[in-house]
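According to TrEMBL, the features are:
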type: TRANSMEM; residues: 14-35; note: transmembrane segment
type: DOMAIN; residues: 15-139; note: domain 'EamA'
type: TRANSMEM; residues: 41-62; note: transmembrane segment
type: TRANSMEM; residues: 69-88; note: transmembrane segment
type: TRANSMEM; residues: 94-116; note: transmembrane segment
type: TRANSMEM; residues: 128-145; note: transmembrane segment
type: DOMAIN; residues: 149-286; note: domain 'EamA'
type: TRANSMEM; residues: 151-167; note: transmembrane segment
type: TRANSMEM; residues: 179-196; note: transmembrane segment
type: TRANSMEM; residues: 216-236; note: transmembrane segment
type: TRANSMEM; residues: 243-263; note: transmembrane segment
type: TRANSMEM; residues: 269-287; note: transmembrane segment
Amino acid sequence: MTVEKTATLGPRDLIVALLINLTWGLNIIAVKMAVMATAPFAAGGLRQAVVLIACLPFLRWVPGRMRPLLVLAALNGTIFLIFTNFSLQVADNVSALAIAGQLGVPFSLILGVIFLGERIALPRMLGIALAFGGVVLLVFDPGIFSELPGLILMALGTFTWAVGAFLQRKLADVPALTIYAWIGLGGVIGLMPLSMWLEPGAFRNLPNLPLRDVGWLLFSGLGSSVIGQGGMAWLLQRHPISTVLPLTLGAPVIAVSASSYFFGTVLTPVMIAGGLLTLSGVVIITLRSARAKKGQP
């Protein structure tokens, strides 16, 4: 049965949108805590194991779609988490990483222009410049310059995610939970052996993990991937994308502010300026992209 799409949002839709923003916004904290409690490969592999278990009933062979699906599983299931988890391993300023983590939005737009011939007007070009300019500005903060390796790794991770999101456009007819089941499987296959080889102590210490750390591991898998992406898929089935996309703009604000509060990071004037520039760019790109998908200039 096809659900008729409407631009009108009900209380249930707004609750789902709030959950999406909370799970996406708090995810960087959960991943940081999971990495600190275990190790980068182990945290990624365990996260994807949670995703795989949650989505296992939806794991199925998709004829004619397996090549992009398997590439996506390798990119977002393994490579993306290697970059992001190691960025959280080597850096202490999680708020700065949360700002750099927003580059996936402009990267996705640039890939669409290069490979799909999408045309963008001046406002979205300005959004791209602001998003990247804000991250570059962070480097001029003396307290963040030492975090440069982490920022570079996070930027590489967001680029990997953007490539995966680009591939996911070709999988629009594949259920979201089937996609994430394959991503979970890809992460387990890719990250678990690496962890057992390079981080042998990580799995030996799992029985001794405090319940709080187990909770963060579960949240990192169930929150962002299952609840966040599943909620997005549910909203997109009921409402036009131009209505849904702007609903996610709270996630980066939550990510930056919650990271600052949770880890006690002092937001310096340079960090605030860089964050505002990047978030402004993301807002412009998101809103203008939503209008473009609606057929408006």
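Each position is counted from 1, following the chain as shown.
Note that Cβ sites are derived from N, Cα and C of the backbone, with glycine treated the same way.
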Helix-strand-coil residue split for the domain 'EamA' (15-139), DSSP-based: 107 helix, 0 strand, 18 coil
Residues of the domain 'EamA' (149-286) by DSSP state, where helix covers H, G and I: 122 helix, 0 strand, 16 coil
Segment proximity, the transmembrane segment (94-116) to the transmembrane segment (269-287), 3 or more C-beta pairs under 8 Å: yes
Averaged pLDDT score, the domain 'EamA' (15-139): 94
For the transmembrane segment (94-116), distant same-chain residues with Cβ under 8 A (at least six beyond the ends): 28-29, 32, 84, 87-88, 124, 127-128, 131-132, 134-135, 138, 141, 144, 147, 150-151, 154-155, 157-159, 161-163, 165-166, 252, 255-256, 259-260, 262-263, 265, 267, 271, 274-275, 278-279, 281-282, 285-286, 289
Top partner of the transmembrane segment (14-35) among 69-88, 128-145, 151-167, 216-236 - counted as Cβ pairs under 8 Å: 216-236
Beyond the flanks of the transmembrane segment (69-88) by at least 6 residues, Cβ under 8 Å: 28, 31-32, 35, 40-41, 43-44, 47-48, 62, 94, 97, 101, 149-154, 156-157, 160-161, 163-164, 167-168, 171, 174, 179, 182-191
Other parts of the chain folded back onto the transmembrane segment (243-263), taken as Cβ under 8 Å at six or more residues beyond its ends: 7, 9, 17-18, 20-22, 24-29, 32, 92, 94-95, 97-99, 101-102, 232, 235-236, 275, 279, 282-283, 286-287, 289-290, 293
Considering the transmembrane segment (151-167), which listed stretch of 41-62, 128-145, 179-196, 216-236 counts the most C-beta pairs under 8 Å: 128-145
Within-chain partners of the transmembrane segment (41-62) [C-beta distance under 8 Å, separation at least 6 from its ends]: 31, 34-35, 69, 77-78, 81-82, 85, 174-175, 177-178, 180-188, 190-192, 194-195, 198-199, 202-203, 217-218, 220-222, 225-226
